[in-house]
Each structure stands twice: as structure tokens, then as C-alpha cells.
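Structure first, commentary second.
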Amino acid sequence: MQNDSVIVSSTVYSGPMTHDSQSRPLVLGDGRISGYLSIALGVLSTLGVLCFRFPDLLTTPSLRAGYDLDWMRILLGAGMLFSVGFGLLTFILGRQRKLGAIGVLLTLLAFWLGGAGVQVGPRYDIRTYIGLDWFILDLLMSAIVFIFLEKIMPRAREQAVLRPDFWHDARYFAFNHLAIGIFLFVGTILVPSLFSWSINAGLQAWFRDLPGVVQFVTVLVLADLIEYAIHRSMHEIPALWRFHAVHHSVEHMDWLAGSRLHILEPLVTRAMVMLPAFILGAEPGPMLAYVVFAGFQAGLIHANVGVNFGPLEHLFATPRYHHWHHSSDREAIDVNYAAHLPFIDRLFGTHHLPAERWPERYGVVGDPLPKGMLRQFAYPFRRKPKTG
Ligand SMILES: [Zn+2]
Ligand SMILES: [Zn+2]
């Protein structure tokens with residue numbers, strides 16, 4: 001699809017490359033790292049206490065079933081402790097004390113609401129919920145793992161953690177996690193019920209007898225074939241491209257960038273890629289392995305991580321492989337659709353991975369998309385501007 005845009009517009013949009021003050025690289029000792037960490041942990045601690053107080057409203061039933069409450073309390077207590085610690089550090093450094101004070105006040109709020117010893121709140125007989133627990137836990141895990149990797153092995157060394165559009169993509173991250181109930185409903189109830197006719201007990205019994213690793217690989221390959229077909233369709237069918245263009249409007253790649261997706265895209269894609277596992281009746285172990293693997297890889301391939309994966313680059317999608325997919329360089333238009341396994345792109349002639357090179361720039365070719373999550377959600381439904 002992007003090829004057409006090149007022909008029509010003959011201009012390549014390289015996007016704003018300016019760095020505002022927020023995007024200045026964080027420097028050890030200037031107080032901003034400890035200040036921001038104190039505030040972030042203060043906010044997450046307060047939200048964590050609320051999850052304890054209103055479990056039916058603010059937590060995800062399928063995750064809640066697996067929680068060890070004692071460990072959750074330890075995690076919450078550690079978050080509060082570190083928030084206060086980082087807040088105090090800003091006072092010791094004598095810099096950004098305002099940030100540290102806000103962080104400590106937020107932790108005091110969490111403490112006032114009950115702290116790590118908070119009683120689990122009353123149960124309501126409701127089915128609607130917000131996945132606040134999923135947001136907190138995945139944000140903590142992803143930020144710790146990926147920011148660490150981005151700092152020790154950066155692709156763009158000069159890119160700040162709080163790069164341009166960081167907060168824009170953070171809103172997407174929050175929305176995608178808080179709305180997990182909608183995604184789970186569509187992916188595990190609605191779509192499987194539409195395909196219940198395809199269930200075959202004999203096939204499922206045979207598949208479940210296979211070793212777990214074989215089930216995992218089968219689910220991974222079939223899911224990626226579906227992902228490839230949907231992804232390529234979104235690039236080649238103009239009406240679908242307008243939805244997918246939201247994802248390609250990213251101009252600064254990092255662990256958060258992959259969250260920028262029009263809501264309808266993950267609703268359809270995530271449900272469809274889970275179908276093979278549902279039809280084959282994969283066991284919970286291989287299913288969980290697939291979900292964890294896919295989730296980690298989705299964060300990693302967008303991350304600002306410049307590590308050389310060597311021969312593994314030919315086996316699994318890596319940051320360099322998917323960065324080429326996001327590139328607006330002419331040589332990289334409409335390539336590397338697979339989410340997990342590059343051999344699928346080789347199979348269909350869309351593989352592009354020049355030796356050791358990285359793309360020059362990222363973003364959509366042609367007219368830039370509007371800024372703001374809601375405007376981008378509305379973008380595919382707006383009348384297409386005349387291109388002349
Ligand atoms: Zn794409
Ligand atoms: Zn992507």
C-alpha cells in the first residue's frame with residue numbers, strides 16, 4: 001500500500017525530529033531519573049491499593065485466579081518503599097525536589113488508602129471490569145526489562161527514554177491494557193463461538209497427545225501464517241491500510257511504540273491468531289508459552305535495541321527485522337510482515353534484511369496522520385483527502 005503513496009505524493013514524510021525539553025536524555029545525578037521513578041512508583045502503588053480494594057471492578061478475572069496475594073502485597077510494599085527512596089534521593093541530590101515530593105505524596109496516599117496491608121474489598125456480582133492489574137504488572141515488567149535492554153544495547157544511542165510522542169504511545173499502552181476485557185471477550189468467547197463448527201474431538205485428542213514443544217511450534221507457525229495474511233492485507237487493501245497506518249505513524253521506535261494500534265486492529269488480529277490453538281485444542285502449557293513468547297517478542301521487535309542476534313535473525317523476528325518493516329525508506333516498503341518467523345516472508349517473497357544495516361527513518365510515506373489517540377481512531381473513517 002505504501003508503494004502507491006510514493007507514486008501519488010512523490011514526497012517522503014520524514015516526520016519531526018525535534019527534541020523538546022522533556023525528550024532531553026536523562027542524565028545520572030540531575031534528579032529527573034529518581035524524580036520520575038518516584039512519581040511512577042507512587043502512581044502505580046496507589047493504583048495497586050485500589051486493585052486490592054475493588055478487585056471485581058479493577059482486576060482481570062483470569063489473572064486474578066493465578067495471583068498469590070502475599071507476593072502481590074510484597075510487590076506493592078516494595079513499590080511504595082522504592083517510591084519514597086527515590087523521592088528522598090531527589091532531596092539528597094538537591095535537584096528536582098518537586099518531582100520527589102510529588103512521588104512521596106502519592107505514596108502517602110497509597111499508604112492512607114491501606115498500603116500493603118490493605119484488606120481485599122467486597123465482591124460485586126458484575127461482569128464488567130477494567131484491567132488495571134494487567135496495566136500495572138505489564139508496565140512494571142516491560143519498563144524494567146526493555147528500558148534496561150535499550151540502555152545497555154541501544155540502536156539509537158541518542159534517543160531519550162521520554163522521546164517525542166512517548167506520552168502519546170503511553171496512552172495507547174494504558175488503553176490497550178485497561179480494555180483487556182474487550183479483547184478477551186472477542187478473542188476467547190466471541191470469535192471461538194463463531195468457529196465452534198470446526199471443532200473435531202478426534203483431531204484435538206491427537207494434537208493433545210503430541211509433545212508440548214511440538215504443540216507450541218505448531219501453534220506459533222499457524223498463528224504467524226494468519227498474522228502474515230492479515231498484516232499483508234492491511235498493507236495492500238487501501239481501506240484496511242488506513243487502520244494499519246496508525247501503527248506505521250510511529251517515528252521513534254522503542255518498547256512502547258508497538259502499542260500504537262488502532263483499536264480494531266488488535267481486536268481482529270489477536271482473536272484470529274488464537275484460532276489455531278482453539279481449533280486444535282492446545283494444552284494450557286503450550287498455550288501459555290505461546291502467549292508469553294508472542295507478548296515478549298512484540299515488545300522486543302519494536303524496542304530501541306541494537307543487539308546483533310547473528311544466525312538467530314533468520315529464525316526469529318528481531319528488532320532489526322521489524323524496524324525495517326516500520327521504515328519509510330524506499331527499499332523497505334511493504335516487507336517483513338511476519339510477527340514471529342521470518343521464513344514466512346522468505347516463502348512469499350517479502351523478506352528484506354540487508355546485512356548489518358538498519359533503516360534510516362521511520363513513519364508513513366505521504367500525508368502524516370493526525371496527532372492524538374482519538375483522532376487516530378477516527379482517522380480511517382474520515383473522508384480521504386484528495387491527493388491530486
Ligand atoms: Zn505493517
Ligand atoms: Zn510494528
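Counting begins at 1 with the first residue displayed.
Note that Cβ sites are derived from N, Cα and C of the backbone, with glycine treated the same way.
These numbers come from a predicted model, not from an experiment.
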Range annotated as transmembrane segment - as stated in TrEMBL, picked from 101-120, 261-280: 101-120
Residues of the parent chain within Cβ reach of the transmembrane segment (33-55), under 8 Å, 6 or more residues beyond its termini: 26-27, 64, 72, 75-76, 79-80, 82-87, 89-90, 93, 96, 98-100, 102-107, 109-110, 113-115, 118-121, 123, 132-133, 135-136, 139-140, 143, 162
Residue numbers, six or more beyond the limits of the transmembrane segment (75-94), whose CB comes under 8 Å of its CB atoms: 29-31, 34-35, 37-39, 41-42, 44-45, 48-49, 52, 100-101, 103-104, 106-107, 110-111, 115-116, 140
DSSP-derived helix, strand and coil totals, residue by residue, for the domain 'Fatty acid hydroxylase' (217-350): 91 helix, 2 strand, 41 coil
